[in-house]
Amino acid sequence: MARIVMLGACGKMGREISKNLLMHSEHELVGFVDVVNVGQDFGEILGISRLGKTVEDNLKEVILKTNPEIVLDFSRASGAFTNILIALENKVRVVSGTTGFSQEQIKKIEDVSNANNLGCIIAPNFSIGALLLMKLAQMAAKYFSHVEIIEYHHNLKVDAPSGTAIKTAELLSSIRENQPSAIQEEEKIPGSRGGDYRGIKIHSVRLPGLVAHQEVIFGGRGQSLTLRHDVYSRESYLDGILFALKKVLELDRFVFGLDELLF
């Protein structure tokens with residue numbers, strides 16, 4: 001069992017994961033940090049009985065008061081970067097599902113984590129199914145010369161493309177070079193062919209009713225292969241989060257992506 005502070009507690013992911021951890025986990029949630037609903041009892045925010053713990057907006061003060069072992073972060077990159085560094089500098093391990101960090105920010109977090117010999121996991125996706133999709137895509141990439149990625153999310157997601165799509169493109173580009181188009185393409189509407197990551201096109205869809213979905217489509221001579229993963233509920237992330245919470249206590253270094261620990 002670990003003592004955990006939830007960062008970004010009042011967001012959709014923060015609320016869903018907090019409720020599941022409170023109901024189905026041996027871990028103890030000792031603090032809740034967010035910039036909204038400050039001063040309110042977190043149990044009432046979740047629609048359950050009062051917890052006797054209110055939402056606070058200063059992570060360092062919460063750490064000093066509650067002495068946690070892990071900060072679990074589902075906030076936004078704009079604030080998460082500073083707060084992750086605060087946690088590590090105060091000798092608290094971090095598991096983060098926040099996306100949208102720059103490469104420079106990730107490198108800084110890695111440096112601070114390693115310098116303090118503290119486990120820190122930043123994972124673009126905690127869904128075991130999504131991680132398996134990426135693994136299968138790596139296998140398929142050895143046999144197909146063309147690939148594109150389509151990711152679908154709810155219309156309130158602020159960053160595009162998703163961290164999972166970027167991670168997938170990174171994995172694919174590390175083992176193969178995407179073949180350029182056989183023709184000179186002309187975009188009648190700029191951006192209509194999607195974003196480009198090292199020759200791999202990524203397309204982002206944002207619509208109400210969606211949660212999180214991704215397709216990796218491979219094309220070859222006379223055939224295509226489509227790999228798809230769908231998340232219908234944020235509960236799908238719980239198994240991966242529990243796995244990360246266990247593993248981060250064993251780590252003394254930075255890890256990006258659960259795939260390094262799973263496979």
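Using the three backbone atoms N, Cα and C, a Cβ is placed for every residue, glycine included.
Here HIS153 (active site, proton donor/acceptor) comes close to SER162, SER204, VAL205, ARG206, LEU210, VAL211, ALA212, HIS213: these same-chain residues lie at least six apart in sequence, with C-beta atoms under 8 angstroms from its C-beta. Annotated active site, proton donor/acceptor per Swiss-Prot: HIS153, in sequence order.
Listed in sequence order, the residues of the same chain lying 6 or more apart from LYS157 (active site, proton donor) and placing their CB within less than 8 Å of its CB are ARG206. As annotated by Swiss-Prot, active site, proton donor applies to LYS157.
Counting every protein chain shown, the number of other Cβ atoms lying within 10 Å of the Cβ of ASP34 (NAD(+) binding site) is 23. Here Swiss-Prot flags GLY8, ALA9, CYS10, GLY11, LYS12, MET13, ASP34, GLY97, THR98, THR99, ALA123, PRO124, ASN125, PHE126 as NAD(+) binding site, drawing on sequence analysis.
Taken from Swiss-Prot, the feature (S)-2,3,4,5-tetrahydrodipicolinate binding site applies to HIS154, GLY163, THR164, supported by sequence analysis. For the recorded site, GLY163 ((S)-2,3,4,5-tetrahydrodipicolinate binding site), the DSSP three-state label reads helix.
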So which of the binding-site residues is most packed in, judged by how many other Cβ atoms lie within 10 Å of its Cβ, out of THR98, ASN125, THR164?
ASN125
Per DSSP, three-state class assigned to LYS157 (active site, proton donor):
coil
Radius 10 Å, atoms counted are CB only; among the binding-site residues CYS10, ALA123, which position scores highest?
ALA123
